[in-house]
């Protein structure tokens, strides 16, 4: 089933100039980038996005970190995109992430773990709508999809 997922490269990925390397992993897997924007996330958007963590002790430092520098917000589409992206991203704690995953290869700390990816269809829809207007998402066909999907 073709799905859309929200993915965000966090400030540490942007500051460390890892955006191109990370983007290429999604494209090499056969996923399609349908929206992307480099943005400075303000405190209100950060608190809304991470609202589920509001009562946790790390919430303040998470908001401070995510608003400290630009992030790269994306919508990525493909066959079973949500689970495929989660596998590419790796475990939340980089020390538990397998080598070969984005976090396993590039991150060292749970608080600075490079990337966020939607964990379910519901969260993908909510996060996409939070960061993108409908007219910012491109619907286009990749000519080699016939070689990737049956």
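The backbone N, Cα and C atoms fix where each Cβ goes, and this holds for glycine too.
Take the ATP site that Swiss-Prot assigns to 10, 58, 86, 92, 113: the candidate from 17, 103, 126 listed for it is 103. Considering other CB atoms within 10 Å as the measure, the emptiest surroundings among the binding-site residues 92, 113 are those of 92. The separation of residue 116 (active site, pros-phosphohistidine intermediate) from residue 92 (ATP binding site), Cα to Cα, is 9 Å. Around residue 116 (active site, pros-phosphohistidine intermediate), the C-beta neighbours below 8 angstroms that are at least 6 residues distant in the chain are 6, 7, 8, 10. Counting other Cβ atoms within 10 Å of each Cβ, the lowest count among the binding-site residues 10, 86, 103 belongs to 86.
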